[in-house]
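Trainee: The structure follows.
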């Protein structure tokens, strides 16, 4: 047993080092993001007021005697009221966003949406034959469209809004179960996140998986924290189904729940000796395996759209794209996947390309590439808003309601840079918490770190290149940030004290003199 | 905003500061601190300065110019177009040097590490000083623009390069005296200072 303890200690240290290293690289690149830069064209009354406001806020936070008191009064002592007010404001903002904007979205999202009304055009069949992994999301949206008798963007945006907010609620419940003191942190983190998260306008797999993976994490927390079997068993079963669904829609999204499950098994076995809990986890794992197999079978037997599974793009294609250019989408490779009819040819072509690219980079070249790719994968706080090809062609229209939101989010909007700056500020804060909270070690934090490391390595190896793929890991990321916040704050204050003279230092010096 | 080498430089700078603090080298701490902060601020916010201060300055000057009907401005490009009274046209471009960025940054850097103030006073002086320097610079530019309008394009060199600069530096010296020199002298008087030490 002692050997096992030592092994676990060591592996936990290693895991923490790898995680902190990866986050440090992200932090390094996030500081250099183009989201920080304003140009003279971006000079609007909003951007000027924003910059003035930010500078004033910083000066007040550092220099004012009353600021800290007021801050504490509002955000700490009356946290419940503040959170309630902010949540209502947030919901209003989200509804404005959805009802005012709901633009037509391009790229894969547009393809899925078009196929809902015309599933059997050559385009749709070709697309879903190649990208068979997107058939489940099409079926889900089809079922939803049937239920509400609408295929409008508005309906899907509303669905996405509900799903994302539901995911946040699950996260808050999870943190309530794990540590009550983290609830206010997770609430603030999620509320500020949703204010800079326009992806509720993009009904796609990234946002669709959020409530399912969040619920899976919640179920794990219930299994670990709650003793009563009649509570934990049903929730474990539903959680296993949710995880299977999440796996079906976006396989990589299960990284964090699985990471927490691994940590949970170790915790239940070694520390709590709760073998019933252990069995519950194993049962739910079994349910997850069988149900994900069943769901895959179901999606293969569907008759909504005719697909030719022989045309499906192999996984190695994403591996080979992940090492080309910026590690993201490669149009030439994608075209070749369409041109080559046989699956074996596609595999052979992608494998050959992968090896060629790896050889041309060399060992150190590949390491440098990975260092940069971590930045491309994670540095952008807008989660690659408008980055994807043909993202949206919507333009701000002064006659439409909520015109100011259109100016904030559309490609030709005057205040687009303001949104980017705000999103980047939020993101750098989250990264700072994750980076400086490295001293906090706890069973959940280690599990989440494990899941996030696996997720980030997955994005490094396979197609990545833009931070949209991070959205699926956000529940885990935010929960981890809320756990690490107090430790991170302490570390940052220690660092600040190390380089500045505070009032205490002056007193000490006087004493010494 | 930042780039790789600059981030590494910032880390090195912070480390040097912590060493100077631990070793209780107050003067070295001050020099490392204010020189480092000066270069970091100048480099990191270069796009903001050029964009923001030129636009702000051009806007302030343009406001008075429109009032006096003497010149027109284009804040986005930082241009001031003076149609002189006696004929002739002068276009001024408010650039990095003209927008008073270097003076403002030097002021911030000096004040941030000046050991006389606590942080509340420091922030108050920072806000006041920045506004005063901005006003001094606007006054200089207005002075140049109205005089060039009045005396024609040939007087540009005299007003821009000589008198304008003298006016600005006099203003800045006055501000520096108020913020750094005067309180220092007062403090020395209060503290019963002697050259022999205790």
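Note that Cβ sites are derived from N, Cα and C of the backbone, with glycine treated the same way.
Okay, so TrEMBL annotates it like this:
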TRANSMEM  A:12-31  transmembrane segment
TRANSMEM  A:43-62  transmembrane segment
TRANSMEM  A:83-105  transmembrane segment
TRANSMEM  A:158-178  transmembrane segment
TRANSMEM  A:185-202  transmembrane segment
TRANSMEM  A:208-226  transmembrane segment
TRANSMEM  A:238-269  transmembrane segment
TRANSMEM  A:275-295  transmembrane segment
TRANSMEM  A:418-437  transmembrane segment
TRANSMEM  A:443-462  transmembrane segment
Trainee: Can you see whether the transmembrane segment (A:208-226) and the transmembrane segment (A:43-62) are touching - at least 3 CB pairs under 8 angstroms, only pairs 6 or more apart in sequence?
Mentor: no
Trainee: Under an 8 Å Cβ to Cβ limit, what residues of the same chain, 6 or more beyond the ends of the transmembrane segment (A:185-202), are close to it?
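Mentor: Sequence-distant neighbours of the transmembrane segment (A:185-202): 75, 79, 83, 86-87, 90, 93-94, 97-98, 101-103, 105, 109, 157, 160-161, 164-165, 168, 171-172, 175, 381-383, 385, 409, 419, 422-423, 426, 430, 471, 474, 478-479, 481-482, 485.
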Trainee: Six or more residues out from either end of the transmembrane segment (A:238-269), which same-chain residues have a Cβ under 8 Å from its Cβ atoms?
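Mentor: Non-local partners: 8, 133, 136-137, 140, 205-206, 208-209, 211-213, 215-220, 222-224, 275, 277-278, 281, 284-288, 291-292, 295-296, 299, 443-444, 446-455, 458-459, 469, 472-473, 475-476.
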Trainee: Taking the transmembrane segment (A:83-105) as reference, which of A:43-62, A:158-178, A:275-295 has the most Cβ pairs under 8 angstroms?
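Mentor: Of the candidates A:43-62, A:158-178, A:275-295, A:158-178 scores highest.
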Trainee: Mind checking which residues of the chain, 6+ beyond the ends of the transmembrane segment (A:443-462), have their Cβ under 8 Å from one of its Cβ atoms?
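Mentor: For the transmembrane segment (A:443-462), the far contacts come to 12, 15-16, 18-19, 22, 178, 221, 224, 252, 255-264, 266-267, 271, 315, 318-319, 321-322, 327, 370, 373-374, 377-378, 469-470, 472-473, 476-477, 479-480, 483-484.
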